[in-house]
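Per TrEMBL, the features are as follows:
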- 6-23: transmembrane segment (TRANSMEM)
- 35-53: transmembrane segment (TRANSMEM)
- 101-119: transmembrane segment (TRANSMEM)
- 131-158: transmembrane segment (TRANSMEM)
- 170-193: transmembrane segment (TRANSMEM)
- 200-224: transmembrane segment (TRANSMEM)
- 244-263: transmembrane segment (TRANSMEM)
- 275-293: transmembrane segment (TRANSMEM)
- 299-315: transmembrane segment (TRANSMEM)
- 327-344: transmembrane segment (TRANSMEM)
């Protein structure tokens, strides 16, 4: 528990220091904020996740994959991994023969892409880091290594989709697919969001979701027949787990309601409306696709990770800064509550966050 408590202390300290004023010297304030983000948010996250030992439901799985590759198994099908993750293991083996290196490298990739995405997409970097921690996304990243590499890359790629740099979005999306094939879904969603008119987008997404809801048994049988992610279909152990997750639905409804509430004040900020569409897709996945269990939730993570920046943007749309500050303070309290709820209920959430121990790469 101690590393997680220290992590929260770093977040709190960074938030307090960031709230200090440095006069009118913008350059000094900018560099100071950069150091705060690195030392109080980025680095603690990397240390906790990168050097964890036997923490996370799939820790033993990826440790075993590392040993299999180092012993000469290069069959991606039997290893059940994609090319990108295979190459990452090879790079890790070149550096160290300790399997801990793969967790460190994976963590650096995940936290780096999330950080870059937050910097490019959020108008309140500190609040977004708190959202990343407090809504369980950081903890989930320690329980789905390959997929969260892909999710973090997609999270960053959305910054290009929002700025109409579609080629960069596609390129990063293809890179994400090298680590987890489910990344093809947000890649396709990017096409839909960019090229379909709003009315057609919402009507078609609703129709597809209804079809998925009423024909879930048929679709599930097809997936079983071809052996596509059958483990996820059978499993519902992740936080914000499969089925009709009330927590997922509540978050999506809050995000949708806030976006609609501020819609008239958004002006030309179409990136927020793109985020609204991403949340809408995530909402449909955790409701209409709930019969697909953990598979639906894992795919939804590509879209619901948008909470990290959307909530920050919407809260900062409140003109009364005193009210905005109060809401942020309440959110920080909620994020802390959820964080420690996950830790205290470790055995019931399926995250395997405790007991915690460190291991170096040497």
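Even glycines carry a Cβ here, placed using N, Cα and C.
Segment contact holds for the transmembrane segment (35-53) and the transmembrane segment (131-158), given three or more CB pairs below 8 angstroms at sequence separation of 6 or more.
When each of 6-23, 131-158, 299-315, 327-344 is scored by its Cβ pairs under 8 Å to the transmembrane segment (101-119), the top-ranked stretch turns out to be 131-158. Of the ranges 6-23, 170-193, 200-224, 275-293, the one with the most Cβ pairs under 8 Å to the transmembrane segment (327-344) is 6-23. Away from its own ends, the transmembrane segment (170-193) comes close to residues 82-85, 87-88, 146-147, 149-151, 153-154, 156-158, 160-161, 201, 204-205, 229, 274, 277-278, 281, 298-299, 302-303 of its chain (Cβ-Cβ under 8 Å, at least six residues beyond either end). Proximity of distant same-chain residues to the transmembrane segment (131-158), defined by a Cβ-Cβ separation under 8 Å and at least 6 residues beyond the stretch ends, is recorded for 7-8, 11, 45, 49, 52, 55-58, 62, 81-82, 84-85, 103, 106-107, 109-114, 116-118, 120-121, 168-169, 172-173, 175-177, 179-180, 182-183, 186-187, 190, 238-240, 251, 274-275, 278, 298, 301-302, 305-308, 311-312, 331-332, 334-336, 338-339, 342, 350-353. Sequence-remote contacts of a segment are chain residues at least 6 beyond its ends whose Cβ falls under 8 Å from one of its Cβ atoms, and for the transmembrane segment (299-315) they are 114, 117-118, 121-124, 127-128, 131-132, 135, 137, 140, 147-148, 150-151, 154-155, 158, 182-183, 185-186, 189, 248, 251-252, 255, 258-259, 262, 272, 275-276, 278-279, 281-282, 285-286, 289, 324, 327-328, 331.
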